[in-house]
Structure formats: structure tokens, C-alpha cells
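Let me begin by presenting the structure, written as C-alpha cells, before commenting on it.
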Amino acid sequence: MARKIPLNRIRNIGIAAHIDAGKTTTTERILFYTGVSHKVGEVHDGAATMDWMEQEKERGITITSAATTCFWKDYQVNIIDTPGHVDFTIEVERSMRVLDGAVAVFCSVGGVQPQSETVWRQANKYGVPRMVFVNKMDRIGANFYNVESQISDRLKARPVPVVIPVGAEDTFKGVIDLLQMKALIWNDETMGAKYDIEEIPADLVEKANEYREKMIEAAAEQDEALMEKYLNGEELTTEEIKRGLKIGCHAMAIIPMLCGSSFKNKGVQTLLDAVIDYLPAPTEVADIHGVDAKDETKEISVQSSDEGEFAGLAFKIMTDPFVGQLTFVRVYRGSLESGSYVYNSTKGKKERVGRLLKMHANKREDIKEIYAGEICAFVGLKETLTGDTLCSEKEPVILERMEFPEPVISIAVEPKTKADQEKMGIALNKLAEEDPSFRVNSDEETGQTIISGMGELHLEIIVDRMKREFKVEAEVGQPQVAFRETVRKAVNKECKYAKQSGGRGQYGHVFIKLEPQEAGKGYEFVNDISGGVIPKEYIPAVDKGIKEAMQSGVLAGYPVVDFKVTLYDGSYHDVDSSEMAFKIAGSMAFKDAAREASPVLLEPIMKVEVEVPEDYMGDVIGDLNRRRGQINSMGDRSGIKVINAFVPLAEMFGYSTDLRSATQGRGTYTMEFSHYGEVPGNISKEIIEKRKG
């Protein structure tokens, strides 16, 4: 079966936005106008087809990225819905990996909000070309031009409007298309399905001319031939302007900018046209890099084409009540039929693909074969996890691995009834497979099950999903912070482990130097043994001993981070030495050295941004100071005060409730992990005493 739509007519896009900028509504409208969903779903009443998990319906925020396919003017658009909440940035990063372009949705009133900055940085990191849709133009306080200047000031990007609004707030009627120089006015009877093309209103002609000139200049700058023509005073054709804007958009030099009101069904078609005109096809983005699975030092670049052996990346795992486990895969090269085998090069295992499903919001369609540039769900994979590469055994390649952040918050969970113990274990493991930023382990001392994640909301949703999807009700303990330990000075230490009591003895003797590393460097082991004073085969055992010992530090038993150990001397015994003996010697030497190396306790410090009306500013700052916060900056954002601070996570529990009562529900905040910082002496002492209990 040959492919129906050529590769250059495919667009893989993500729609990324801050909460409440209207992202899900925008996606919904796209599905409506491209003929997928017949009744327009509203987030307000929880019926949107994209938000298909129950909790999302209740909370009205999008949690998991579902991939949906729709068609517009002979083009296939695959939309990956990305969550807009800070606790889910992992989901956003993951979808950024497999996108070719993104539409950033901003609210015309709120503009660029903290989460939008985070998402923007992630899109920069993965080199995703993007365009902007300014939504909610019908709201009170809507201002398209404000958002334009915020994008250049805050995001340091260059927005180029290709349409400008006609009216704003309740007089918002449509847009002026700066390419055709016509006004597109939507009529409300057809639910926005049709618009009338009219002459530009007299009071907007001057503004339209000014913005058209800016747009043409931006387009001309992207290409030498166009620049020459422009400087010679010749008119650029519509096609030439589009070409210039497309080149600039792909190079991330400019950001095409549009506006509308998804809720009021205005401006969505022009957005779809722009997606096709400016965002790249899979063939127009840089080749993805990978390494040879047989020899990881050898780089391979994988070109988007149907030719060549199959290669794809698993970017999302979901459990579907009817089909079982779905593995969402982006195909980069080649094609694959359902029922065939794929090779998971990350794990080194072969798996059979039972079915291939194309997802349309919440409906699914079985397909026989999938081609390069496509995104679809594989059914039947048992071993594959997020970030694994699937390819053909003939040409095994490992595509770039995704990096996942370490969790910063943990809570103990136990099932309400003993009978649910096993069910809870199964449920948590399934959820951990879906979400790499969520971990499950059991506390050896207390035997409790501990779950860890990226924030309170993240863990709340996990507990909620256990109840809904797996029917397990859980009791939740107090949140615990992921403390760490580190050392502040360098120490040399000798340790001899010798046991001589009948039978074979044990003998391991090491000299190590323990020294601090800069924050975030992690653990480094240096082998500086010369002349064979310790045989080669025992050296990894010393490293292993240190790795085991660093899991539980000398102060309060927290993992030790950011240090370097150099093994520089030692001795061995022909008969009694063994790997075991050197492992024990390594771990004892490390523990002894750590006690003398000025150990300190570290805690996660969060970057917190609070938005409050001016009247409450003093109270909120006072409260942040009481929470050991360090205020970094204060500013204004469209009439609201914005406070940026670093605050220890340990002090932030229950903050949302406190902020609500302090500001009568008018304050909002976001927080994300920033770095680990040293715990002050008096507090550190309390924590250590409590741990040793």
C-alpha cells in the first residue's frame, strides 16, 4: 500500500501554551474545521476530544499529550497536544523531541507568562521552529500589540505579524490578512466556518500598510535574491513574501504571528493556512542524529525518507482500557507494516508490533503500514519504554536519548485495605512506565512505598489515576523533600579491610582522595593506580563500593552528590584479595573520608514566580521571607505585580492554600526546580536529629 500523502505535505506540530491561554480550545477548533469532530467540545464543560483522560476533564487542564491526525487542504497535520502546567514540563520536552514545528498560543490579556518562557526555552533547546497565535482577542483587556512587544522583550524573539486584528474585546470581528491586504470578517451564524472577504476598514489602512511593510522587510532579509529585489524598490510577489517568511521561520530568525478567538470561532482557518505555509515538513528539518547501536562512538545521521531501513522513536506510553499498552512512535525513516518485528536498539531486544493505530482525538483507526514522518500508536510492545529507539535489525541505530529530570518531592502511599497492596504495586509500576519523571521505590527501614515526582500536583494526579484507572484507593503521607548531602573540603584516606579467621581470608587495601565538585557535576571516579599495586580487575569493585556507600550519606543517610574520588594507592594479597574485599574497602574508605570532609546537607531550591494585585504585595513578600525565600526581582505584568524568588521546597508545602487566603483568591504562582542549595546550620541540625530519631 503506497503512502496517500507525500512526505512534504505532512506537518507534525505541537500546540504549546500557558494554562488558560486556550490551547485545548484551539486544538478542538482545528479538529472541528478540518472535519474530525462534529460537536465542538468546550473545556469549560469538560467535553473536549483532545482532553481524553477523566481528570483533565475535571481540572480543565491538559495532562497527557495525545497525538491526533487531521487534514487541511490536501495536507496531513499531526497535532501533539502538550500540557501547559509546570509539573508536566517533562511531557512538553518529550513532545518537543518529535515535533517539526510548534504553535505557541498566548492569551491576548495575559501575554507571556512564566510557563510560556519555560516552554519557549525547551523549544529553543530542541531547535523547534514556531509561530504564535494570540488567542482570546474577544476578552476585556485584549491587546495584540502588547503581546507582540512582550515576545521581543521577554522571549528575545522577533515576532512578525502576518495578520492584524480588526477590533478588540467585544468589537473583535476578524483579521486583516497582510498578504492579500483584505479584511477577513467571520460571521457568527456559521459558527465561524465561513468568513467574508472585505476591504480594509478606513481607520486601519495606515496600520495595515505599516505592518505589511514590516512583514515584507522581514521576509526580504531572509534571502539574498529577495533582499536585492527589495532594495531595488521592486514589489515582492505574495509567493516570494511567503518564501522569505518560511526560510526565516525554519531558521528560527522570525516568528510569524497571528491572532483570533478560538472560543468565538474566529481566526482558526488563517492559523491552519499559516501552519501549512510556514512550518516545516519532515523533509525540511535537520536530520536527526543517532549513534551506531554496535559501536556507540560512531555517529549516524538519519534522513527523513521512505527509503532505507525503519527507524523511529518511542516518545509516549499510555495504557488504554480497551487495547492495553499504546506506545506512541514518531517514524523518522523507512516504513513498517503491522504484524512485523522491530528491534529495540536501546534495550537490544526484538518485539512484534501487533497493530498500528492512528489516533483521532479519542477515536482510533487501524492502519496497515506506517511511513517516515508519521506519528502513530504501536500495540503489543512489552519491553519498550519512553525514549527508546525502534529500528530494523539490519541497520541498528540509537537515536538521541531523552534526558529526564530527577524528582524533587516524595510522599509515602499505602493502600486503604491490605487486599489492595498487590494491585497498588502493579498500578504504580504501570504509571512509572508511562512517565519517566515519576519514580516508585520502597523505604528499606520502614517498608513504606515511596512515590516521587516533579511537584505536588504531579503526585496528586498519580494518586487520582490509581483510584480511577486501577480502582486502588490510597492513603497519602506528608510530602518529603529529596535532601542530598555533599562534602566541602578535600580529604585523603587509607582503609585496610583484612579478615583472617580460618579458611580463606579477605584483604583489600586502598588510599583515596575525596574532593568536592561544583554543583550539578555528580560523581566522578578517577583511577590513578600505577605499577599494578592494585590489580586491574579489582579497581571497578572500589568504584562499586563507593557507589553503594554514596546512596546513604554520613550526616542523615541521604544520597551524596557532587564529589570526586581518586584511587591513588593500595596493596593486595595474592590469596585473600577479592572483588568483595576491595568493594568493602572502597565503601569504608569513602564513609571515613566523608566524615572528615565537612559534610553538609543540601535541599532542592525552587524558582517561584508569584503574581498578585499590588494591595497584597507586602504580605506576600513577608510570607516568602518567612519561608526562607530569597527575592530576586519584582516587576509589573499588565497591571499585576510579579515577584520572582528562590524558595526551599521544604517551605513550599501547602503554599497554594496560604496564597489563596492571603490574597482572597487573586494570587497565582508557578514553581519549578532550580538547583540544590545548602541547608542553614540550625535547620540542618533539626533534620539530622529527626532522621536519627
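Here the Cβ of each residue, glycine as well, is placed from N, Cα and C on the backbone.
Lifted from Swiss-Prot, the feature list:
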type: DOMAIN; residues: 8-283; note: domain 'tr-type G'
type: BINDING; residues: 17-24, 81-85, 135-138; note: GTP binding site
For M137 (GTP binding site), what is the tally of other C-beta atoms lying within 10 angstroms of its C-beta?
28
When you measure from the Cβ of T82 (GTP binding site), how many other Cβ atoms are you left with inside 10 Å?
26
Is it possible to get the count of other C-beta atoms within 10 angstroms of the C-beta of A17 (GTP binding site)?
28
